[in-house]
């Protein structure tokens, strides 16, 4: 399942990020890619050794950790260190698959259940640059407003189409979920959304409490902590 998570960053935050990224040190994006990805990757990434990078990635982590919809959809156990990429002048990233595991500075290793892209450029400011994700339901093309995030299974083949005008800047990361199975995670998300909708419409009730109990018992049964 793919999920659109709106408003992870406010317009003011986006403007500040873009200003700071305009002063960043950019390097060849292939430095963080395996052998397969390096053959089809042509973009730039912020140098992870820079002081600016350390500050920006912490801000992204804080933003996603505080976003209730992101938590409900991803049920994150571990978040990778966010990275930042830039596409311009026909740069692109061909179809590839993300690695199943990644090194993590605190946990040693993490499993990549979900991939996330946080858009930092206004969609009208560049041509091309769509995130294209293939899954069992077909092909999905994603180009979201600045400050919005898309979540999708890391098991999906995906690419970024060439940017033929302007500049596309984004942050991206991977998530190890408490719920490994995509279908179970999707069911919990739907249950959670409906519980919240019923609470806002009718207030607290015994039936809602029973559904909440069901949600937490399923989370307890399925989660890997």
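Numbers run from 1 along the shown chain.
Every residue gets a Cβ built from N, Cα and C, even glycine.
Since this is a predicted model, take the numbers as computed values, not measurements.
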From 67, 140, 158, the one annotated by Swiss-Prot with 96, 98 for Fe cation: 158
In DSSP terms, the domain 'Fe2OG dioxygenase' (78-177) comprises 3 helix, 59 strand, 38 coil
Rounded to a whole number, how many Å is the Cα of residue 98 (Fe cation binding site) away from the Cα of residue 168 (2-oxoglutarate binding site)? 20
Pairwise Cα distance for residue 168 (2-oxoglutarate binding site)/residue 158 (Fe cation binding site) [Å, integer]: 17
